[in-house]
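S.K.: Below is a structure I'd like to ask you about.
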Amino acid sequence: MVTMRADEISNIIRERIEQYNREVKVVNTGTVLQVGDGIARIHGLDEVMAGELVEFEEGTIGIALNLESNNVGVVLMGDGLMIQEGSSVKATGRIAQIPVSEAYLGRVINALAKPIDGRGEISAYESRLIESPAPGIISRRSVYEPLQTGLIAIDSMIPIGRGQRELIIGDRQTGKTAVATDTILNQKGQNVICVYVAIGQKASSVAQVVTTFQERGAMEYTIVVAEMADSPATLQYLAPYTGAALAEYFMYRERHTSIIYDDPSKQAQAYRQMSLLLRRPPGREAYPGDVFYLHSRLLERAAKLSSRLGEGSMTALPIVETQSGDVSAYIPTNVISITDGQIFLSADLFNAGIRPAINVGISVSRVGSAAQIKAMKQVAGKSKLELAQFAELEAFAQFASDLDKATQNQLARGQRLRELLKQSQSAPLTVEEQIVTIYTGANGYLDSLEIGQVKKFLVQLRTYLKTNKPQFQEIISSTRTFTEQAEALLKEIIQEQIELFLLQEQT
């Protein structure tokens, strides 16, 4: 029989007492009262904060949005099919945040920053809050550098600057996403990080955009955040903030970023769905009262940072779909009032074969020529006014039978100016090529050509300049001004090429 000595027993007990670590952990818990339609009502959670993450027994995460006297309204970040009435819920003490790093470049992720492209996990050692405050007035400086889109109509007449917020607005199927994707393609070699946020889009549309980026080598500097049409409303609501957090990570590291939200009206619809299910009082078009704040707090995060903060920038291009050209609806007017201008795409122009279908008359950039290089200002200064006058004259000319020579010439010039603004999709032009194109049209060199010949001639002219006269491009890129030397060189080349082109066309 084994004998136990009393001193051994007391030593063991003493050791155990010394090892005992008295740790009191207070967990704020509650009970599920009701669950369904992506919403759960919880009893308890007395000390939960607005916007705090809560965790359900089976692992689903939710956000506490409604704090009422006898229950808490939680929106679920998942389907929540396994949540049962009476199961427990605990508050985490955290608010929504995502991991951030350079490794996200070239990846397709969801609103929780989890990869959905099947290429494995993304390593990240830092995290950022999904909702973080926008830079204040002292942290900003005015926009002064151009963000070239590669589209003549925009860069010459509705210029976008780094740190600006420019709305792209129009009916469905008018080429809004094409304008945005062309802008991303044009950032190749410009040291600009791009984020494309797809909210409530068809999976096929997002796949098409990603394929375009991969084929054109744009994925290496682009992050795609996608929440499809079948995603829970909570994730569609969070996706733009996730994209903004990723863009901010680079902006505060003294980098230039551009973010496209496609489109915030789908985010507003998801938020409306959540709000109505939470029984918040509906307002205009059944949207909740704070739908303006939903978009303003997102778009205000776009900024050009001050020199003290490293002069990084975040340019926002939200895309809003209108119904039969009605820009006075609730969400379009909200976003118009928040942004620094809008690019209006017209279904009539699109159907008339003018693509990109930008209505130059009612499109505006509130930053203006501050977002253009000097050379572009010199060449394109009057073209917006000329096109507006031409559109007015064209409408008037439909009723007039006999027009004087000056009016006929003005109409002919306007038609050629409109023709040179046409551009194929995914074919952005460099700023030097745009200057050549606009100068040729604005100075009447295209007047001797038929309208059908304009595009062919301009392609030929740009190709000739690129291969045979690289010095023109060098002058513009080094001085950023349209010097007398550059003008003389260009005049000579245009005259020579027009004569050659007309001879070729005759034979």
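Glycine residues also receive a Cβ, built from the backbone N, Cα and C atoms like all the rest.
Not measured: the values here are computed from a predicted model.
So Swiss-Prot lists these for the protein:
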- Gly170, Asp171, Arg172, Gln173, Thr174, Gly175, Lys176, Thr177: ATP binding site (BINDING)
- Ser363: site 'Required for activity' (SITE)
S.K.: Using the centroid of the Cβ atoms of Gly170, Asp171, Arg172, Gln173, Thr174, Gly175, Lys176, Thr177 as reference, list every other same-chain residue with Cβ within 8 Å of it (recorded ATP site), in sequence order.
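M.R.: Leaving out the recorded residues gives Glu321, Leu345, Ala347, Phe350, Ala357.
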S.K.: Counting other Cβ atoms within 10 Å of each residue's Cβ, which of the binding-site residues Gln173, Thr177 comes out lowest?
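M.R.: Result for the binding-site residues Gln173, Thr177: minimum number of other Cβ atoms within 10 Å at Gln173.
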S.K.: With H, G and I counted as helix, E and B as strand and the rest as coil, say where DSSP puts Asp171 (ATP binding site).
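M.R.: Its secondary structure by DSSP: coil.
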S.K.: Near Gly170 (ATP binding site), which residues of its chain come within a Cβ-Cβ distance under 8 Å, counting only those 6 or more away in sequence?
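M.R.: The answer is Lys176, Glu321, Thr322, Phe344, Leu345, Ser346, Ala347, Ala357.
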S.K.: With an 8 Å cut-off on Cβ-Cβ distance and a minimum sequence separation of at least 6, pull the same-chain contacts of Ser363 (site 'Required for activity'), or say none.
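M.R.: Listed in sequence order, they are Met157, Ile158, Gly341, Gln342, Ile343, Phe344.
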S.K.: Counting only other Cβ atoms and using a 10 Å cut-off, which of the binding-site residues Arg172, Lys176 scores lowest?
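M.R.: It is Arg172 that, of the binding-site residues Arg172, Lys176, has the fewest other Cβ atoms within 10 Å.
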